[in-house]
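Have a look at the structure below, then the notes.
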Amino acid sequence: CLIQDCPEG
């Protein structure tokens, strides 16, 4: 992702 935490990265 960009800043926030994403399930992928």
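Just so it is clear, glycine is given a Cβ too, placed from its N, Cα and C backbone atoms.
Annotated features, as they stand in Swiss-Prot:
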{"type": "DISULFID", "residues": "Cys1-Cys6", "note": "disulfide bond"}
{"type": "MOD_RES", "residues": "Glu8", "note": "4-carboxyglutamate"}
{"type": "MOD_RES", "residues": "Gly9", "note": "glycine amide"}
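Glu8 (4-carboxyglutamate) and Cys1 (disulfide bond) have their C-alpha atoms 8 Å apart, to the nearest angstrom. Glu8 (4-carboxyglutamate) counts 4 other C-beta atoms within 10 Å of its own C-beta, drawing on all protein chains shown. According to DSSP, Cys1 (disulfide bond) is assigned to coil rather than to any helix or strand. Its Cβ placed at the centre, Cys6 (disulfide bond) has 8 other Cβ atoms within 10 Å.
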